[in-house]
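**Q** Below is one structure. I have some questions about it.
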Amino acid sequence: PAPQTSIELFLIVDHSMYAKYNSNSSKITTTLKARVNIMNAIYSSLNLVITLSGIEMWSAADLITVQSSSRNTLKLFASWRETDLLKRTSNDNAQLLTATNFNGNTVGLAYLKTMCNSKYSVGLIQDHSAIPLLMAVTMAHELGHNLGMNHDGAGCSCATCIMAPVLSSGPAKSFSDCSKHDYQSFLTIHKPQCLLN
């Protein structure tokens, strides 16, 4: 079995999402906590615990330029985390949640094998569904990329697996054997220190 690991996850709510929830910060907080609870259920099979280390809402204005290019937005967010967020608070990974509609059918984006990196341990999430499970799966999927998981391909096809290339609406949500193998390899080769404290 995988060693016990923990991730301190920090969530940023951009201005578009803040407005989408009618500037109701307590409702947003409740919503995000529920999603993280589901993420923990998903990740329990990997013996990994996710702690919500903080939530910051960009209630007045965005602190980066959130744009329809998910790639550009993720790049800006990565730089902002390193130069701003980490100067104020410690976390292992940060996700930016937005109501912005990205180009194409993208609902999330993250760097691969970057967990614990001060700049690139980030993910970008479009608030695309009112269904908590689907949002938790999207967040878990992008976090999976940070943890070294590739999309499920031939040989590990699994329609309702977390790392399927396309989000399925099916209820069964688990990691494929390929994802588990990718994660184990990441732990062994990269030895991400922040997960082991």
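In case you wondered, yes, glycine gets a Cβ from its N, Cα and C as well.
As the structure is a computational prediction, the values presented were derived from the model and not from experiment.
What Swiss-Prot records for this protein is below:
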type     : residues               : note
ACT_SITE : Glu142                 : active site
BINDING  : His141, His145, His151 : Zn(2+) binding site
DISULFID : Cys116-Cys194          : disulfide bond
DISULFID : Cys156-Cys178          : disulfide bond
DISULFID : Cys158-Cys161          : disulfide bond
DOMAIN   : 5-197                  : domain 'Peptidase M12B'
CARBOHYD : Asn24                  : N-linked glycosylation site
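Can you tell me where each of these features sits in this structure?
**A** When secondary structure is read from DSSP and collapsed to three states, Glu142 (active site) falls in the helix class.
In sequence order, Gly108, Ile162, Met163, Leu167 constitute the residues six or more apart from His141 (Zn(2+) binding site) in its chain with CB-CB distances below 8 Å.
For the recorded site, Cys194 (disulfide bond), the DSSP three-state label reads helix.
For Cys156 (disulfide bond), the same-chain residues that are 6 or more apart in sequence and have a Cβ closer than 8 Å to its Cβ are Ser176, Asp177, Cys178, Ser179.
In sequence order, Asp152, Lys173, Ser174, Phe175, Ser176, Ser179 are the residues near Cys161 (disulfide bond), counting only same-chain partners six or more apart with C-beta under 8 A.
When pLDDT values are averaged over the domain 'Peptidase M12B' (5-197), the model yields 95.
When secondary structure is read from DSSP and collapsed to three states, Asn24 (N-linked glycosylation site) falls in the coil class. The Cβ of Asn24 (N-linked glycosylation site) has 12 other Cβ atoms within 10 Å, all protein chains considered.
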**Q** I need the least crowded one of these binding-site residues (His145, His151), counting other C-beta atoms within 10 angstroms of each C-beta.
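**A** Output over binding-site residues His145, His151: least Cβ neighbours within 10 Å is His151.
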**Q** Residues other than His141, His145, His151 within 8 Å, Cβ to Cβ centroid, of the Zn(2+) site?
**A** Gly108, Ala110, Glu142, Gly144, Met149, Asn150, Ile162, Met163, Pro165
**Q** DSSP three-state call for Cys158 (disulfide bond): helix, strand or coil?
**A** coil
**Q** Sort out the sequence-distant neighbours of Cys158 (disulfide bond) for me: same chain, 6+ apart, CB within less than 8 Å of its CB, listed by position.
**A** Asp152, Ala164, Ser174, Ser176
